[in-house]
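What TrEMBL annotates here:
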type    : residues            : note
BINDING : SER12, ASP15, ARG42 : substrate binding site
DOMAIN  : 4-155               : domain 'PurE'
Amino acid sequence: MTVPPVAIIMGSQSDWDTMRHTAETLDALAIAHDTRIVSAHRTPERLYAFATGAKSAGFKVIIAGAGGAAHLPGMTAALTPLPVFGVPVESHALRGVDSLHSIVQMPAGIPVGTLAIGRSGAVNAALLAAAVLALSDPDLAGRLEAWRSRQTAAVAERPQNPA
Ligand code: RP5
């Protein structure tokens, strides 16, 4: 079985409502991806096995979404040389500020590219992954450019009242 270039991992089923926006954006760019639930706290052995094997499995970029005490992106980055992008999921108690702080404050030496809280971060993680992959894939570079052009064309000149 061919391993897709992007792995989307998340700490819980409850993160899917956010991380599905990453998957949808990758779909729009025709970038194959795998999606998995990998919890740093509830399934630490699954995390270790996934992160240590991700590069040899053939993945190129990992996008990790988690909320609350969001250790998944950082622990994944500690265990793989692949680029890791972290998406802070909006938590109920602290509206994702806890998630953001947990992901963004990595110690020097182990980077996680941290995105915005929630849907914006989930979409942008996919676009960043696309930009990385496009460096060595001219067809994808063209699709990404077309995606951005469509986005630009979709912005109205003036605001409208709702129908
Ligand atoms: C984190 O705890 C997950 O990433 C999720 O955002 C949060 C809550 O998980 P559940 O209790 O909804 O499974 O590990």
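Keep in mind that glycine also has a Cβ here, set from the backbone N, Cα and C atoms.
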Using a 10 Å cut-off, grab the number of neighbouring Cβ atoms around the Cβ of ARG42 (substrate binding site), all chains included.
11
Indicate the candidate from SER12, ASP15 with the smallest number of other Cβ atoms within 10 Å of its Cβ, considering only these binding-site residues.
SER12
I need the neighbours of the substrate site defined by SER12, ASP15, ARG42. Which other residues of that chain put their C-beta within 8 angstroms of the C-beta centroid, in sequence order?
MET10, GLY11, GLN13, SER14, ILE37, SER39, ALA66, GLY67
Let me know the DSSP-derived helix, strand or coil state of ASP15 (substrate binding site), please.
helix
Given the substrate binding site residues SER12, ASP15, ARG42 in the record, what is the largest Cα to Cα distance, rounded to whole Å?
14
Arithmetic mean of per-residue pLDDT over the domain 'PurE' (4-155)
98
